[in-house]
Amino acid sequence: MVLGVTVGEPELAATGGYVGFAIASTLAGAFGKPIAGVLLVGIGIAGAILIGFSVSRLVGALRDGAERLRERRHVEVNESPWGDDSALMPRAPQRRPREPRQQELFDADGTMETSYLGDRAKTTLLEQDPDEVDEDPFVDLSSQLEAERAATTLIPIEDRYVDGAKAAATGSDAVQEELPGAGERVAPASEPDQVAEPALVIPEFLRHPRSERADAPEAAEAAAEASETAATQPRETPKPAPRSGTAAAAASAGDGSERLLPPVSMLRHSPQAKAGASSSKELQQTAESLQSTLQEFGLHSRVVGWISGPTVTTFKVQPGEGERVSRIASLEDDIALSLATDSVRIFAPIPGTTHVGIEIPNRTRQTVAFGDILPYVTGGPLEFALGRDSEGQPMVADLAKMPHLLIAGTTGSGKSVVISSILMSLLMRTFPEDVRLIMVDPKRVEFAPYDGLPHLYVPVVTEPKQAASALQWAVSEMERRLKVFERVGVRKISTFNEKQAAGEFEKYDNPPQKLPYLVIVIDELSDLMMVAGKDVEASIVRIAQLGRAAGIHMIVATQRPSSNVVTGLIKANITNRIGLTVATGIDSRVILDQTGAEKLIGQGDMLFSRVDWGKPKRIQGCYVSDEEIFSVVEFVKEQSPAEYHEEILSAVAPAAMQGAGGGGGVSADDPLIWEAAHLVVESGLGSTSSLQRRLKVGYARAGRIMDMLEEKGIVGPPDGSKPREVLLDEQGLAELEEVEARMSADDGLGGF
C-alpha cells in the first residue's frame, strides 16, 4: 500500500492487492500521497507493536506449559522406589528414581525450599531410552548412586524417628550436620529388607510429624486440660490483712497507724429479729374480737387482714357500703375497751389501699436491737438506723437529706434512746475527719457517756450560756463555709469535698481543706429557751435556713413540746419531726401538726413525719444499751485522740441573759441598735467609724453599738484595724428583729 501511494502504479500483487490498492488510493485522494504515506507507515508500526505483544503472550504460555510438564515428570521420577533394582526394565540401563535427600530440601540456614513429595506407598515405573539417560533435564542422580547403595544400618520401624542422642547411640557412621535447635529424622524404608539412609538433621518445626499426627487427639485433649486448669486456677493477688474492725475502709492516723471503725460484733442482736411478736392464733382471735365489736355497733365493715409489727398490729378494715370513716374512728375508746388494751389508733386510709387501719398493741412486745438495723445503713455518712415500722421492715433515714430533725416526747418515751441510736450510727460508720459533733446537754447526764469522743468539736456543753455561744459560732462557721463555696463555685459540701479530694483547688494561693459535716445535738431545748431564748432561737432558725448546703445539721429534742419552746419559726424551718409519747393531743399537734402521738405506748414507739410522706409512719425505735455505748465509745477513743476547740464557747458572748428570754435589755440600752444593724447589713461594712459618721454619734457610743451587734451575731469579732465581718443578710436580720420583738412582748407578760 505504501508503494502504491509513493511509487507510481505498481502491480496489484506488490501493493497489497485490491484491498491495499483501495485503501491507498482512498488515503491518497483524501490527504495526498505524502500524508497518506505517513499514515500508512504509522498504521504499520502500530500493527507491529500489537503483533509483538501477542507473540510475547504466546511465548509465555508455551513456557508455562513446558514448566508444568517438567514439574509433572519430576514428580513421577521422585515416586520411583529407593534402590529397587528389580523394578527397573532390563531392556535398557535405567536410573532408579529416588526420593530427594532431606538436606536438599533446606538451605544452609535450615530454611525449607519448595519441593513436591509423592506418596511413598505408590510406585511408578519409568521407561527411558538409553540415548536419553544423560539428557534428562529434570533429575541428575548419577552423583548419588554410590551413596544410595552404601552399607547402612537397619533400624526397627518403631524407632524411625529419633533424637540426636539416640541416633548417636545406634552407631551410625553417617556424618551429621549440627544445626542449633534441630532434631534428627531417619527416613523410613518401603520394604522390610531395605535399609534406611543415615539420620539427617531437620528443623525443629518438622520433628516427628507422623507421631504428632497420630497423637493429635490426645495432644488436643491434654492442651484443653491444661488450658482449663490455667483458666480455673485463681491468680495470686494480694490479700487484705485481717482486722478486727468493720469491713469499711480504714483510715490512717497522723502517726501512720491504721484506724478502724468499731466492729458490728460489739453490738447485741435479737434472736427473734425476723419473727413476729404475736402468733397467728393470737392475731386471729384479736381479728374476731374486732369484727364482733364492729357488728355490735351496727357497722357492716369487715376485717380483711392484718400486718404484724414489733409493737402493734395493723388490722385492715373494709368499710361497708355507704359507711363513713368517721363512724369507725369514733369507736376508738369502745374498741380499746372491748379488746382490753391501753390505746387504739385509727387512721385512714392505709397508704396504697382503700382500707381503714386500726392499730392495736401486741400482747407480747418485741425489742428491736440496734445491731439488727445497723447493717441496713449503707448510704452517706449521716445515714442512721431508726427502727422497724408497723410491718416489721427496717427503717433508716439520712440526716443530710432532712436536713434537720426535731424530736419531742415526755419522760420515759424513749427520746434519749432515739438520740443514742443516731449518735451510735455516726460513730460506727465515720471517722472524726468526716463528722464532728457539738453536744448540748443542759441536764448534764444524758450525754455523759460520750464525753471524750474524738468526734466532739468541744466537750459536752452543759451551761446554757456556753450553748448559746456555741450556736452563735456555728452560725459564723456556716457563713464562712458558704463564702468559701461561693469563691470556689460549688453549691454543697459533698461537691466541695469531692473536688478538694481530686485536687481541683490547688490552683488557689491558699487552697481550702476538707470540711467535715457538723452535727449539733441539743438534748433539751426548753432549758436553753428559758435561759437564753432569743439568742438560741435566732441561731437555730439561722442554721435551719442555710445549714444544709454548708453541711451543718441539727438534732433538737425536747420533752416539753409546747408552743413556747417549739416556736413557729423553729417549726417552719425544721419540717422533719419525730413524735414520741406526749401528754395531750395539743402537744401532738405542736410537734406533728396532728393528733396521734398521745396514743403511743412509750419505750421507743414513735410517729415519724417527713415532708415527702403524706402521713406520719409508726415506728418502733431500736434499743441501744449503756454497755454497747460504753464499749463503742472506748473503742473510738483508742483509735484517735480528742482535739477540742473550747475557745468557741467564749469567743462570742451572748446577749444579757436575765430571766426568761434574756431580758431584752439591749434594745432598751440604745434605741439606735436596729438602725445601726440595717446600715451595717446594707453596706456590708462593719466599721465603727462608719457608724459614728452615719449615725452622728460619738466614737464611744458607736463602739458600744458595734459590740451589741456582735453579741446579736450580726457582725463578727474585731479583726485588728480591718472592718468586722457581716454575718447576716437582710432576710436574716428581719427574722432576728422579729424574734427580738416577740421575746420582748413575752417578757412583758412575765416570761415562760
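Keep in mind that glycine also has a Cβ here, set from the backbone N, Cα and C atoms.
Keep in mind that TrEMBL annotations are predicted by a computer and have not been checked by a curator.
Listed features, source TrEMBL:
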- 12-31: transmembrane segment (TRANSMEM)
- 38-59: transmembrane segment (TRANSMEM)
- 79-102: region 'Disordered' (REGION)
- 211-262: region 'Disordered' (REGION)
- 217-232: compositional bias 'Low complexity' (COMPBIAS)
- 244-255: compositional bias 'Low complexity' (COMPBIAS)
- GLY409, THR410, THR411, GLY412, SER413, GLY414, LYS415, SER416: ATP binding site (BINDING)
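Other C-beta atoms found within 10 angstroms of the C-beta of THR411 (ATP binding site) number 9, with every protein chain shown included. Under the DSSP three-state reduction, THR410 (ATP binding site) is assigned to coil, being neither helix nor strand.
Here the binding-site residues are THR410, SER413, SER416, and the one ringed by the most other CB atoms within 10 angstroms is SER413.
Residues GLY409, THR410, THR411, GLY412, SER413, GLY414, LYS415, SER416 make up the record's ATP site, and a Cβ search at 8 Å around their centroid adds GLN559, LEU580, THR581, GLY602 from the same chain. LYS415 (ATP binding site): 25 other CB atoms within 10 A of its CB, across all protein chains. In the three-state DSSP classification, LYS415 (ATP binding site) falls within a helix.
Long-range neighbours of GLY414 (ATP binding site) (same chain, six or more residues apart, CB within less than 8 Å of its CB): LEU580, THR581, GLY602, GLN603, GLY604, ASP605, MET606, GLY621. Non-local neighbourhood of GLY412 (ATP binding site): THR581, GLY602, GLN603, each in the same chain, at least six residues away, with C-beta under 8 Å from its C-beta. Counted within 10 Å of its Cβ, the other Cβ atoms near GLY409 (ATP binding site) come to 27, all protein chains included.
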